[in-house]
Amino acid sequence: MYQPDFPTVPFRLGLYPVVDSVAWIERLLEAGVRTIQLRIKDKRDEEVEADVIAAIALGRCYDARLFINDYWRLAIKHNAYGVHLGQEDLETTDLKAIQAAGLRLGVSTHDDMEIDIALAAKPSYIALGHVFPTQTKQMPSAPQGLAQLARHIERLADYPTVAIGGISLERAPAVLATGVGSIAVVSAITQAADWRAATAQLLAIAGVGDE
């Protein structure tokens, strides 16, 4: 059985929005979300440090699981709950420093080979994507679909997992039915006509996660 080397997270992280601003972090924590990621791309550390500090403070205020995407040095410096890394970041990141700081680690994967690479790092959770076509970011691979997602879940057994990529309110129940621990969403909330209603409906489906 695979086991994380990094600090553990609940198998069910619940609804897991991925957003690009502190304003969204605050809105969603106020709305009841308890697992969330700040993903700001392609800026220097000094440009995003204030946002990272503010996001981490909000996470603490709401006793939430706040992951910082990519900016691992800032996450360590300001003691975030966790860090999320893409495959391309694994080789250039000091994983031992993240581990020594006591931060949780999530890693993105897109196929079996990348799952193997992620498992070698023994992160706190493994993200599996993209499940469906997505407009949120350019993807180098084809969508996995539900059947492939289910196969990955079967392989990983009790390892905490997060499904991501094109997951809408309508698709969320079928994604969770694969046995995946959590669902990450982006546009299902941020581009919804009524983000509060969308968040409430997704929370009703996915929950807030286990303690």
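Every residue, even glycine, has its Cβ placed from backbone N, Cα and C.
Taken from Swiss-Prot, the feature 4-amino-2-methyl-5-(diphosphooxymethyl)pyrimidine binding site applies to GLN37, LEU38, ARG39, ILE40, LYS41, ASN69, SER108, LYS137, supported by sequence analysis. Feature annotation from Swiss-Prot assigns Mg(2+) binding site to ASP70, ASP89; the stated evidence is sequence analysis.
Distribution of Swiss-Prot features across the structure.
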{"residue": "GLN37", "record": "4-amino-2-methyl-5-(diphosphooxymethyl)pyrimidine binding site", "contacts (Cβ under 8 Å, 6+ apart)": "TYR16, PRO17, VAL18, VAL19, LEU66, PHE67, ILE68, ASN69, HIS84, ALA184"}
{"residue": "LEU38", "record": "4-amino-2-methyl-5-(diphosphooxymethyl)pyrimidine binding site", "contacts (Cβ under 8 Å, 6+ apart)": "VAL19, ASP20, SER21, VAL22, ILE25, ASP51, VAL52, ALA55, LEU66, PHE67, ILE68, ASN69"}
{"residue": "ARG39", "record": "4-amino-2-methyl-5-(diphosphooxymethyl)pyrimidine binding site", "contacts (Cβ under 8 Å, 6+ apart)": "VAL18, VAL19, ASP20, ASN69, ASP70, HIS84"}
{"residue": "ILE40", "record": "4-amino-2-methyl-5-(diphosphooxymethyl)pyrimidine binding site", "contacts (Cβ under 8 Å, 6+ apart)": "ASP20, SER21, VAL48, ASP51, ASN69, ASP70, TYR71"}
{"residue": "LYS41", "record": "4-amino-2-methyl-5-(diphosphooxymethyl)pyrimidine binding site", "contacts (Cβ under 8 Å, 6+ apart)": "ASP20, ASN69, ASP70"}
{"residue": "ASP89", "record": "Mg(2+) binding site", "contacts (Cβ under 8 Å, 6+ apart)": "ASP70, TRP72"}
{"residue": "SER108", "record": "4-amino-2-methyl-5-(diphosphooxymethyl)pyrimidine binding site", "contacts (Cβ under 8 Å, 6+ apart)": "HIS84, LEU85, GLY86, GLN87, GLU114, ALA118, ALA127, GLY129, ILE164"}
